[in-house]
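Participant: Residues or ranges marked as divalent metal cation binding site in TrEMBL: B:Asp11, B:Asp12, B:Ser42, B:Asn99. The domain 'Survival protein SurE-like phosphatase/nucleotidase' annotation in TrEMBL covers B:6-190.
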Protein chains: 2
Amino acid sequence: MKANTILITNDDGIAAPGLKALAEVMKELGEITIVAPDSPQSGMGHAITINNTLHVEHITGFLNTNQAYTCSGTPVDCVKMAVHEIMKKKPSICVSGINHGSNSSINVIYSGTMSAAVEAGIEGVPAIGFSFCNYSWEANFEPLKKYVKKITSEVLKNGLPEGVVLNVNFPNTEKIKGIKICRQAKAIWEEEFDKRTNPMGKEYYWLTGKFVNHDKGEDTDEWALANGYISIVPVHFDLTAYHAVQQLNSWDL
Amino acid sequence: MKANTILITNDDGIAAPGLKALAEVMKELGEITIVAPDSPQSGMGHAITINNTLHVEHITGFLNTNQAYTCSGTPVDCVKMAVHEIMKKKPSICVSGINHGSNSSINVIYSGTMSAAVEAGIEGVPAIGFSFCNYSWEANFEPLKKYVKKITSEVLKNGLPEGVVLNVNFPNTEKIKGIKICRQAKAIWEEEFDKRTNPMGKEYYWLTGKFVNHDKGEDTDEWALANGYISIVPVHFDLTAYHAVQQLNSWDL
């Protein structure tokens with residue numbers, strides 16, 4: 001049987017412990033290639049680098065593989081670069097993460113981790129983004145590994161529906177109760193800008209905010225995570241709101 | 001009657017002719033506030049600035065309004081900054097563009113123009129992204145203006161379904177035939193990296209590629225644009241692939 005080829009990327013950058021944990025699991029499932037950003041790229045969404053150059057470096061002996069690279073671009077750039085320039089073929093699967101922090105609910109849209117998975121999906125590669133609801137660099141990824149392996153194995157076995165990738169989030173708990181297939185909760189960030197004055201007397205801002213979930217549904221990712229379950233949301237990238245087409249066709253345009 | 005308050009942003013930056021054209025139309029519909037990136041932000045997708053500071057500058061007398069600002073961040077940052085720090089209230093509508101270049105089909109996902117509109121939608125503000133399938137800085141926006149006004153007026157009158165924003169693209173033609181409500185065509189970028197060597201002998205890349213539409217449907221935005229129609233795709237940001245939930249629930253997880 002031909003070995004699985006596995007592309008690994010993330011948005012926290014090549015040095016992130018979550019990437020190492022993910023690579024350790026994937027080595028048990030196939031031949032890995034790592035192409036990760038050379039610096040943290042959190043919050044980059046589906047950004048691509050079109051007004052600047054891209055650099056790629058081979059990292060010798062990184063995590064005991066000969067196939068590890070950094071890319072100067074975004075997570076989406078990493079996937080494009082991996083498929084078209086480094087691997088020069090589509091891998092069996094692309095896994096992104098394990099992100100240090102949640103990508104549940106509306107966070108999916110800001111997430112570099114998930115955008116890398118979505119980009120792989122656009123290119124026709126089955127893809128999963130993994131995120132841990134624990135922002136610490138010292139987070140313990142060990143208890144997550146068996147689930148990462150199980151979910152990835154199922155995708156390798158069953159494939160994914162066309163145009164669908166998976167958004168997997170792990171609850172920040174010692175006792176994981178199981179896995180739930182969920183929908184994206186309707187939650188938002190209530191922004192607050194932290195306004196400060198720099199040493200030259202000029203004002204500047206930090207983007208900050210409070211995550212608020214207004215969605216009481218027990219079929220949501222937020223519910224699953226709050227109740228100790230791993231959430232899996234199938235995510236698509238045909239953004240057409242089909243239910244709105246009929247209504248818009250009634251307008252006087 | 002209380003005047004409409006209109007937030008205007010884009011991803012080509014404050015100096016773009018497309019922004020000026022959009023502002024000229026919007027002045028006929030209400031009180032405008034411009035918050036645009038201080039530099040071009042094409043391809044930024046839904047990126048936000050979380051690892052860096054943000055700066056805002058008031059631009060006196062810009063386009064004869066006293067309410068014009070630049071922001072050092074992405075288009076999404078501009079919308080957050082506008083609603084929460086500059087306007088300090090939700091505008092009646094947010095319009096983004098007019099983008100210099102197409103945001104049809106899968107481009108919606110890479111587009112800063114559309115991500116600004118989506119961000120406004122997330123915040124509960126009716127929003128439209130306008131794009132012109134002409135990349136030239138000298139493109140003639142005059143023939144588009146009456147359509148921009150008509151579409152914006154309809155949204156102000158009818159509102160939009162919850163969780164939906166509009167992706168409007170204008171064909172690059174002298175004779176616009178009309179407006180079509182469309183779905184997002186299934187098309188992709190076939191990437192090619194232009195590999196070069198810098199003066200120090202080090203290799204680097206430019207991201208490039210060819211846009212390929214495999215979707216023959218006559219209900220798509222690509223069909224409409226190729227046939228001289230303005231395309232309007234209703235876009236949503238609940239990315240859940242509901243049709244996949246049932247299948248995933250049959251897996252051995």
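The backbone N, Cα and C atoms fix where each Cβ goes, glycine too.
Since this is a predicted model, take the numbers as computed values, not measurements.
For the listed features, I'd like the structural context: burial, neighbours, distances.
Facilitator: Sequence-distant neighbours of B:Asp12 (divalent metal cation binding site) (same chain, six or more apart, CB under 8 Å from its CB) are B:Gly18, B:Leu19, B:Pro40, B:Gln41, B:Ser42, B:Asn99, B:His100, B:Thr113, listed in sequence order. When secondary structure is read from DSSP and collapsed to three states, B:Asp12 (divalent metal cation binding site) falls in the coil class.
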Participant: Is any of the binding-site residues B:Asp11, B:Ser42, B:Asn99 near chain A, in the sense of a CB under 8 A from one of its CBs, and if so which?
Facilitator: B:Ser42
Participant: For B:Asp11 (divalent metal cation binding site), what residues in its own chain, 6 or more apart in sequence, show a Cβ-Cβ distance under 8 Å?
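Facilitator: Result: B:Pro37, B:Pro40, B:Gln41, B:Ser42, B:Met44, B:Thr74, B:Pro75, B:Ser96, B:Asn99, B:Ser111, B:Gly112, B:Thr113, B:Ser115, B:Ala116.
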Participant: Among the binding-site residues B:Ser42, B:Asn99, whose Cβ has the fewest other Cβ atoms within 10 Å?
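Facilitator: Comparing Cβ neighbours within 10 Å for the binding-site residues B:Ser42, B:Asn99, B:Ser42 has the fewest.
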Participant: Does DSSP put B:Asn99 (divalent metal cation binding site) in a helix, in a strand, or in coil?
Facilitator: strand
Participant: According to DSSP, does B:Ser42 (divalent metal cation binding site) sit in a helix, a strand, or coil?
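Facilitator: Once the DSSP labels are grouped into three classes, B:Ser42 (divalent metal cation binding site) ends up as coil.
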Participant: For the domain 'Survival protein SurE-like phosphatase/nucleotidase' (B:6-190), what is the mean per-residue pLDDT, to the nearest integer?
Facilitator: 96
Participant: Determine, for the divalent metal cation site, the additional residues of the same chain whose CB lies within 8 Å of the mean position of the CB atoms of B:Asp11, B:Asp12, B:Ser42, B:Asn99; present them in sequence order.
Facilitator: B:Asn10, B:Gly13, B:Ala16, B:Gly18, B:Pro40, B:Gln41, B:Pro75, B:Gly97, B:His100, B:Gly101, B:Ser111, B:Gly112, B:Thr113
